[in-house]
Amino acid sequence: ESQVQDLFHEEAAHQHGKSHKPWWKSQFFVIEPVLFGTWDGVFTSCLINIFGVVLFLRTGWMVGNVGIGLAVLIVIITVTVASLASLSAIGICERCKDMGTGGVYYLVSKVLGGKIGGTVGIMYAFGLCVVSALYCTGFAESVTKTFQWNNEWAVRGVAIGTLLCLLAINLAGVKWVIRLQLVLLLVLIISMSDFIIGTFVHTDPVNGFVGYSSEVLHNNTGPSFQVGETFFTVFGVFFPTATGVMAGVNMSGDLKNPAKSIPIGTLSAITISFILYLVFVLLLGSTCTRIALQTDFMIAEKVSGVGVLWLIGIYMSSTSSCSTGLYGAPRVLQSIANENVIPAIRFMGRGFGANKTPVIAICVVGFISLLFIFIGNLNLISPVITCNFMLVYASVDYSYFALAMSYDQRIKNFTKFKVQSLERAKTFCRKTSIRVRHVSYGSNEIRTGTMLEFTKDLDTMEKISKVKIRVLQLMYPFSNYMYNYFKTIIFKSKFMFCYVAFLNPGAMTFIFKSLVLRVFKIQAKEEFDEGTSEGVEATEDITVDKVNISLVSDHSDFNDMDEILQQPHSWYAVLCNRWSSLFGAFLSIVVMFLIHWVYALANILAFLLIYMYTALFNPGLNPGAAAHFSFIEWIKQVFSGICNKKTKLPEQYVVTPMTTAPYTMVPTQLTVDNEDFANRGRFHQSAVGDYDYVSLAA
């Protein structure tokens, strides 16, 4: 058997599942990137984060203060705000070309620019730090209540110990922790089932659980606030249950197919969570007295059939939610640091291992969480988280609104180019076809299609391209027609490409550009899928694998038109609405001030300070896909259209032809084809040989 092997044969064998590594040599630490899907990644992460400690420990307290009616309203508002933000994030994912890492930070920076995106990313990471402190505090509170440790420092001590353990697990990054989410979800399902079944099988009147009663239901319908509590303070305590809806977006870099997994997984988790929220509210309000609901944070344990299962559920949910917060925040900071958006945190960008674990960022997040643990009160930490996430969700909502409006604005601008002739476009496409003969690699046969002929073809295309190409429609019916037309005149080729230059870019429309790119991408994919046999000559028309449309610098809109895509057709597309996103942004801002205006102002002030710092020390960041849209100008246009209903005259303008400097093309070939290595494959090879290094040295 020959010892000559491919240079990367081990990696290729591993990719095809031919690895013969014995089980005792397996590594328990993550040495290879792990990618997740819809249900084992997005759905599980969102559901585990939503079923947090607040749902277990504060749902009964919420019902005891605001009553069943207002509790249902709080649940509806919470789910509405979270759903609108999630739908906005999904819309951005679908309408932007690339889906990178960084989660919320990446989405906002892609649309509104690096300055605002970096600011939102820092605020979101800070919110996740406080969320981690909240879950550790809730875990410690349930533990101390179980063991009757009525001491605030006992709560702080247990919370600090829990935080340190979870930080160690995140730093280690073992595989079984990554796969543990499915086990956690199973435990939560068992715990929920135990709670629901417990309402039917027993009662505990001494602790306030009297069972189903119309009298109890009637008494708990209306509000009865404790001293210092209002509707919005209670809402501020409950809202952190919805902070987990962005868990799927945060792990975009660890997903196999983010565009598919994030929408399905997130919306499914929100729907199931909303149903279970209502079940919790109605069951507790129908079976427990108001006094027990207001004073006993562990009332759900008394309702459960087997209290141990409920305790296991709360312990697992709080620790897993905290672990997810400690997982998401460092990676947001790492993404911001790697792109050098905020120079002050550049040191956090370094990653270790195959998954680039952000060790430094994890330590920073742990330190911030540790500071908030010393507060030691879940009701005091929750409003801080609520105001922070309200501001972040408002930013995401506005991002999608600006993205959709910017797309329409660009389409409107391109409609100003009026139609001259569609037949000229067809004539241009027919005349620019280039024919080249391919020959086998390693032979010395003379090619019939030389570089000089290719230069002549480009000269011919230069003359033809002076015809102004204009397109009648900008929507998809015309695009599909042109696509089919291009499909019939462009044939397959593998190793050749040409650059098509349009000398009058002012007349080139966006739909023509995107159409050409669309055809060429599909053609290139088909070529590599089918493959071609070596050593076979063929005469065929060149597929234009790469198109370089030269544009005038003044027409910057043409360069970035393809950054924003048309909204794809899907079963949830009707939910991704720009007006609902705008409503969600205003709703988040208003509710944020109603909950705690001091915290709201503090968050806005921090937002402005971070933004000014970023603009001062890094002014050259990407302005974003929606940089041409101005909310203030849009408001002015809306009011102007309402107040002045006169028909506006069409704008008149002159498009001047573009002149180009003369150029020459000189053919140059760096290597000479010959028969010396004609029998070798076109890839690197390696072989194992025995050499006498002593004799070689001599």
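Cβ atoms are placed via backbone N, Cα and C, with glycine included.
In TrEMBL, annotation is done automatically, which means it is predicted and not curated.
Summed and averaged per residue, pLDDT over the domain 'Amino acid permease/ SLC12A' (42-403) gives 86. For 42-403, the entry in TrEMBL reads domain 'Amino acid permease/ SLC12A'.
Annotated transmembrane segment per TrEMBL: 28-56 (among others), in sequence order.
Outside the transmembrane segment (68-92), and at least 6 residues removed from its termini, the chain residues within Cβ reach (under 8 Å) are 59, 62, 104, 107, 110-111, 217, 220-223, 231, 234-235, 238-239, 241-242, 245-246, 249, 262-263, 266-267, 270, 273-274, 277-278, 281-282, 285-286, 390, 392-393, 396-397, 399-401, 403-404, 567, 572, 575-577, 580-581, 583-584, 587-588, 591. The transmembrane segment annotation in TrEMBL covers 68-92 (among others).
If you look up TrEMBL, you'll see 104-133 (among others) marked as transmembrane segment. Remote same-chain residues near the transmembrane segment (104-133) are listed as 89, 92-93, 96, 98, 159, 163, 166, 240, 243, 246, 249-250, 252, 321-322, 325-326, 328-330, 332-333, 335-336, 339, 341-342, 345, 365, 368-373, 375, 381, 384-385, 388-389, 391-392, 395-396, 398-400, 402-403, 603, 606-607, 610-611, 614-615, 618, 621-627 (criterion: CB distance under 8 Å, separation of at least six residues from the stretch ends).
Long-range neighbours of the transmembrane segment (153-173) within the same chain, counting only residues 6 or more positions beyond its ends whose Cβ lies under 8 Å from a Cβ of the stretch, are 29-30, 132-133, 136-137, 139-141, 143-144, 319, 322-323, 326-327, 330, 353, 355, 357, 359, 362-363, 366, 369-370, 373-374, 376. As annotated by TrEMBL, transmembrane segment applies to 153-173 (among others).
If you look up TrEMBL, you'll see 180-201 (among others) marked as transmembrane segment.
Per TrEMBL, transmembrane segment is recorded for 230-249 (among others).
Feature annotation from TrEMBL assigns transmembrane segment to 261-285 (among others).
Annotation comment: TrEMBL describes 357-375 (among others) as transmembrane segment.
Residues or ranges marked as transmembrane segment by TrEMBL: 495-512 (among others).
Here TrEMBL flags 582-611 (among others) as transmembrane segment.
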